[in-house]
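Going by Swiss-Prot, these are the annotated features:
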{"type": "TOPO_DOM", "residues": "1-26", "note": "topological domain 'Intravirion'"}
{"type": "MOD_RES", "residues": "Met1", "note": "blocked amino end (Met)"}
{"type": "TOPO_DOM", "residues": "49-577", "note": "topological domain 'Virion surface'"}
{"type": "CARBOHYD", "residues": "Asn119", "note": "N-linked glycosylation site"}
{"type": "REGION", "residues": "234-239", "note": "region 'Involved in neuraminidase activity'"}
{"type": "CARBOHYD", "residues": "Asn341", "note": "N-linked glycosylation site"}
{"type": "CARBOHYD", "residues": "Asn433", "note": "N-linked glycosylation site"}
{"type": "CARBOHYD", "residues": "Asn481", "note": "N-linked glycosylation site"}
{"type": "CARBOHYD", "residues": "Asn538", "note": "N-linked glycosylation site"}
Amino acid sequence: MDRAVSQVALENDEREAKNTWRLIFRIAILLLTVVTLATSVASLVYSMGASTPSDLVGIPTRISRAEEKITSALGSNQDVVDRIYKQVALESPLALLNTETTIMNAITSLSYQINGAANNSGWGAPIHDPDFIGGIGKELIVDDASDVTSFYPSAFQEHLNFIPAPTTGSGCTRIPSFDMSATHYCYTHNVILSGCRDHSHSHQYLALGVLRTTATGRIFFSTLRSISLDDTQNRKSCSVSATPLGCDMLCSKVTETEEEDYNSAVPTLMAHGRLGFDGQYHEKDLDVTTLFEDWVANYPGVGGGSFIDGRVWFSVYGGLKPNSPSDTVQEGKYVIYKRYNDTCPDEQDYQIRMAKSSYKPGRFGGKRIQQAILSIKVSTSLGEDPVLTVPPNTVTLMGAEGRILTVGTSHFLYQRGSSYFSPALLYPMTVSNKTATLHSPYTFNAFTRPGSIPCQASARCPNSCVTGVYTDPYPLIFYRNHTLRGVFGTMLDSEQARLNPTSAVFDSTSRSRITRVSSSSTKAAYTTSTCFKVVKTNKTYCLSIAEISNTLFGEFRIVPLLVEILKNDGVREARSG
């Protein structure tokens with residue numbers, strides 16, 4: 001009994017002890033809370049004593065300023081990020097791609113030479129300075145928004161003249177042809193010793209070179225190989241093209257006047273030649289009796305050719321034999337191109353009749369004057385596998401001198417305005433299976449040529465005539481989808497006479513401010529233009545090789561006119577130069 005009572009008493013003591021400790025804990029917590037609260041009140045009182053209401057009002061302003069600084073810093077960092085992205089994601093890959101393209105072109109050229117070493121095709125393929133890598137044969141200005149004519153040529157720049165000039169009063173240098181690839185350029189012109197109208201004998205100057213930059217950054221055209229073809233062959237109307245084996249050239253060989261040639265019954269002799277990198281020239285006559293079986297006269301287009309898909313492509317033109325298969329298939333075919341905002345007032349039936357007659361001008365005995373394109377396989381064997389394409393006259397005007405151009409992945413045929421249509425024409429060209437197809441042309445209404453009435457510069461109606469002058473445009477400005485927007489060229493700014501050589505940038509309807517060679521009375525003739533970029537400086541240049549009158553030494557002097565393409569927003573046209 002006593003033991004049970006003791007056990008109960010012990011449990012009561014333990015319970016009482018627990019309650020005591022709980023009370024002590026609660027009191028301690030309460031005291032700690034009171035102390036903390038007192039400390040907080042004291043701190044708040046101190047803080048209120050140190051800060052006034054005006055101080056509190058300024059806090060949002062300071063926060064806003066801090067926010068602006070942070071935003072500005074972040075924006076600056078974003079600019080850096082954007083520049084890094086542009087460099088890494090856009091510019092560097094493009095530069096690498098351009099470098100790769102040039103290296104591949106050089107390797108291709110070297111491969112051709114190695115394969116043909118046994119045939120003395122030459123060694124040591126030249127190449128432009130690195131500053132030009134990715135700046136030749138490319139879409140130089142890609143711009144969807146700017147006015148095309150806000151781009152304009154600078155004044156002509158002094159540079160090394162790479163073109164020989166006449167050395168006597170009776171000497172004549174004429175008919176320049178130029179083409180430039182990613183590795184080298186090719187140039188040729190005709191030389192007559194006794195005046196420009198002599199058709200009986202001439203020799204041909206042919207040169208191969210590269211673009212260089214001087215220590216001060218100036219551009220010069222460095223001639224590495226050249227030859228004067230002064231033999232018994234009278235080469236005329238030559239076109240040149242830069243290929244992986246050197247400078248390929250297509251010439252006709254004539255001993256009679258142009259009119260006499262068109263009145264003959266057989267095609268004109270034609271030869272495919274090449275100036276190799278070793279400075280040696282080789283040539284082979286083409287089998288014109290087969291290739292031009294339906295022709296009585298056939299000439300290269302004078303303008304440069306183009307190397308495409310392992311073949312060299314040249315513009316050609318001439319007269320078809322009446323009632324031959326090639327002549328018959330074109331019977332009744334015609335095309336009428338119209339001036340911008342200047343409609344021909346003649347009746348439609350009359351326009352069609354005159355358009356059809358324009359292909360058979362009386363000057364050449366009523367022969368159909370036809371446009372064509374000749375492609376030849378580029379190999380160590382000259383004249384290999386020639387293929388002639390004759391486009392339908394539902395696309396092309398009367399046959400005339402021309403040029404094949406490649407810019408980026410696009411190909412074009414320029415056709416001289418020898419017929420009634422004065423504005424410059426560039427036909428888009430596609431190639432497949434050794435042949436070419438031409439499409440409806442780009443026209444440049446302000447890029448005209450002088451001509452005899454009724455086919456003068458302002459002419460707007462179809463007529464039969466043989467007139468005009470060779471002044472090719474070079475594709476310069478493109479949309480991002482690779483559609484052509486604008487060209488550069490040197491036109492003869494005159495209604496009827498070959499006067500006033502004038503350089504400008506042209507869109508489909510108008511032109512930029514201009515640069516004149518000299519006064520409006522300056523005589524001139526053929527011009528051929530090519531543009532390129534110095535990638536290191538991102539500056540675009542255009543070269544116009546122009547026949548300019550030369551009263552002391554020869555009738556004409558061929559001058560390489562060099563301009564930089566500048567940009568000036570809001571200026572449509574201004575006289576300069």
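The count begins at 1 with the first shown residue.
Keep in mind that glycine also has a Cβ here, set from the backbone N, Cα and C atoms.
Bear in mind that the values here come from a model prediction, so they are computed numbers and not experimental data.
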Cα nearest Asn481 (N-linked glycosylation site) among glycosylation sites (Asn341, Asn433, Asn538) -> Asn538
What counts of helix, strand and coil residues does DSSP assign across the region 'Involved in neuraminidase activity' (234-239)? 0 helix, 5 strand, 1 coil
Row Asn341 (N-linked glycosylation site), column other C-beta within 10 angstroms, all chains, value 7
Calculate the distance in Å between the alpha carbons (Cα) of Asn341 (N-linked glycosylation site) and Asn433 (N-linked glycosylation site), and round it to a whole number. 39
When a 10 Å sphere is centred on the Cβ of Asn481 (N-linked glycosylation site), how many other Cβ atoms does it contain? 7
Given a separation of at least six residues and a C-beta threshold under 8 Å, show me what packs close to Asn433 (N-linked glycosylation site) in the same chain. none
Among all protein chains shown, how many Cβ atoms are found within 10 Å of the Cβ of Asn538 (N-linked glycosylation site), not counting that one? 8
